[in-house]
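**Student:** My questions all concern the structure below.
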């Protein structure tokens, strides 16, 4: 009965329309699910992007382009328009103005909060398009879109309020790859140009564009090595490269990098190689002499060698910027820790732990190799792309936690390919009649062809089709169970791991009720209300954006870590004794110093735990003045209690963290709950700073930098006088008299 | 009508200002009011200059330096008390707080009345040391008054002080003719530490003087507290907030008897022959020292500070918040000096200049400021310069700190931004870019010509089986 009702909708033209509508509605539902799963909790972060967007909306594009921000990196300021990727802000600004034009008054804050979930819906759609280019199966695309929509690896960077470059960049990444595949398949200059356009957009949005810049040339290079050079390849690549490079050079932050830095040289090299091969192919088609082709091959090889040698020469002589530290750290995971501690100090630049793969991708990670294997079976140009992408991204994601993000799309695609293949195999209602030779042709022509190329005897007459309903049922139900588990896992991860804002900490009381620890906002509010608008705040760079955004006060350093020396200066001020730090703070006109201290509450992300990074970064610039070794005891322990080293006890950071802390406890019971140690009963003495504010749970402590003593004493003497100690009279001088000289 | 009112108001303000630039409320701390008469001329001079004087004993409640957290007096004069202490209202901490709040203090010491321990610890905080033996006094066997101290040699005659450096203005030189002498009867010597830049000896003992302790006769001669020019008879300390603190080594210097006394030198000095009886310059000198301490002289005031863009064709906006790198800017600052009862234009002493720093972390420019204009009460200094090719948050900084002048530290923060995208010269202005522009032109022309040729020429029919679109 049902068959007869449904049947007209599934056949012929109506059938196609029905399937189209069905597909569209499924895609819409996937997008809706992707957005909905990102709304667990909303905290806007990072604040800088939001601030920049507000500036853009308030002052217009050109002012934003030329924006000089005098409230960060005091006193250097930041040429913000020239040192950021403007794509994110411009996108939000464009949406804002479009909505205003449609007379929908929306606060720019709401756009910023919902931009990442919104774009995740688009990413799901782009993944659908991309996967459809890879597979003929209609379900592969939908599955890939669904995976992309809810994979925790992507959700981690795109929950509501996570207003970072990655929010739109992943969509652009996937969509650029889709356009590239399209251009390559059709050999079309139009699709190539579109690809270049979105590549330009990607460049404007995220520094990770270098991944595309290297992946596409690598794909082309592999294809050329496989002997698959074709005019399609030539047209699509040359269109993409020339237009894309021009587009990328329009971003001030990128500027001339595409022709001057090593990271971009592979794209240029492959471009040159294609010209050579194109020329050779052209000549060969005209001159059929065998010897001549050999000569040409030699010529190509020679030119390639010369070009490569020239590249090396230019790199050595410094015309082309040598590989940057970030690049080296991709190959040697220990490199950053030694040479560029500032990069290593960021938690998301650490090598990935194995469980992270399962945590972020769940069942997709074990479907992933199978998907890559499937691509090998049907190795067309686009499948080569998947293989190349998979290899490259797997490596990089193992090097840096952050790059898990670039792996996620290809894992979703590969897993969808496998699952759709399985489902297509097991979900057919009709069982094949007999193991006849001819049956395979009808069902899987393309696969058959690929199989035929394989020389293996066992593959000659493949088993096609499943015969028993039981095996169909069991496999399908198992797969369904896995998929449901995957959804459960994704929801759990998203709600528990990726939706906990860093600014507000939540904990459970013994009776199960939720307890909110809101010290950060309390402290920022205090700064906002109790300090001058141009009071300079010194803190470790992690809190720079938040202070700039939530407290609206100028900072010395912030999360944009481009100036290592300036950060090292702050590190030196924090890790040196007061006598050394004070002149640094005076010179930088610091009014307040902010530290994060978790000892009372047991909050482990505090500054004492980050302290060694400050020391290391400072040591990189002043190896003679700051030494990491001095912060460890004789036995190599990092201690903060009574057994801490003198350098540790005298450092400004230690003093600021534990100043007055012992007064919180009865004598002999002073304890640091993060380090789990008993603190000495006598706390450190601060002479050059005054305690200005300590938040409810002591997480944030703010100190005011004292002015020079009014009557010319040093701070130690002045503070000692304040405490009521009288200066000792020098009754009898020993040794030669010190004469005053005018 | 209204202008009369405002005129009256101005006149009133003028009379108020005629006292001192820092206010007229003076507290004189002396133990017995009867002692007032000893200083009648000195205090009379002060009253005549417009100070309203309150006399309080250190034990009185009214001696409190602060009422409700506010400074109660503008100036404090502490005459040596007989008691050993100054009482709970004049502790060193309170006195230091008074200085930190901007009050001026003049302390007179005396060898006959031991200095209270509170004062000693205050002096120690300021790095001023006095002999441990509280009756120690300065003796000079060459420059003494032969009339009153023929035997004891304890009235030291000192000429008017020279400027401590040639480029520092001397407020204490009197009419500058020389031949005068200031009598220091039984002074308590002070020595100054080397560390503090705020200390300046106003007057130093002659080269032949030494500190002598009557109690400890032998030892103090063998190993005196200090000798010669190391002994400061009057020490000044000007705090960073320009509050002034003066230690006068001899309180008798201020007494009426020594204002009128005739003295006779044992040896000649500064051109004045020995053996002549003449009047001391104590009265005039005391006025100068007190006037300086209570901010009647040597006070600098910053009037208007103005900086603006100095480019041709740009309209002048006063004190903008932001400039661009390599802008030409002008800076001007108005300086006045207070001289007893009026503001006069400030001119630095010969050999000294007022400088402007343009700094971020360290100075990028340090330029001399030139006199542009002199008004009745002020001098306007100005300079023009080109901003450095470095963006950042810069300060226009005038940091003029000289001995005996109040501190001038003026910081005006401006942002120096980078070139905006449309402020660079266009490509066709740069001659070096012409080959590239020509290249673009050639490519465009070539392309158009090629397309034209392509469209114009008739396609040659393809031969053989190679027809149709190649299947890619």
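Each Cβ is built from the backbone N, Cα and C atoms, and glycine gets one as well.
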**Student:** Of the ranges A:238-259, A:326-347, which one does TrEMBL flag as transmembrane segment?
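**Tutor:** Result: A:238-259 is the stretch TrEMBL calls transmembrane segment.
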**Student:** To the transmembrane segment (A:136-155), which of A:21-44, A:83-99, A:167-200, A:265-283, A:295-321 is linked by the most Cβ pairs under 8 Å?
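**Tutor:** The stretch I would name here is A:21-44.
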**Student:** Go through A:21-44, A:83-99, A:167-200, A:265-283 and flag the stretch with the largest number of C-beta pairs under 8 Å relative to the transmembrane segment (A:206-226).
**Tutor:** A:265-283
**Student:** Other than its close neighbours in sequence, what residues sit by the transmembrane segment (A:167-200), given a CB gap under 8 Å and a spacing of at least six beyond its ends?
**Tutor:** 87-88, 91, 115-116, 119-120, 122-123, 126-127, 129-130, 133-134, 148, 154, 157-158, 206, 208-209, 211-212, 215-216, 219, 230-233, 235-244, 247-248, 250, 381-382, 385, 389, 405-406, 408-409
**Student:** What mean pLDDT does the predicted model reach across the domain 'Oligosaccharyl transferase STT3 N-terminal' (A:26-414)?
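**Tutor:** Averaged over the domain 'Oligosaccharyl transferase STT3 N-terminal' (A:26-414), per-residue pLDDT gives 89.
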**Student:** Would you mind listing the long-range same-chain contacts of the transmembrane segment (A:83-99), meaning Cβ under 8 Å and 6+ residues beyond its ends?
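**Tutor:** Beyond its ends, the transmembrane segment (A:83-99) has Cβ neighbours at 49, 52-53, 56-57, 61, 64-65, 105-106, 108, 111-112, 115, 163-165, 167-169, 172, 201-207, 251, 253, 560, 562.
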**Student:** So what's near the transmembrane segment (A:21-44) in sequence-distant terms, Cβ-Cβ under 8 Å and 6+ beyond its ends?
**Tutor:** 50, 109, 112-113, 116-118, 120-125, 128, 138, 142, 145-146, 148-150, 155, 158-161, 163, 490-491, 494-495, 499-504
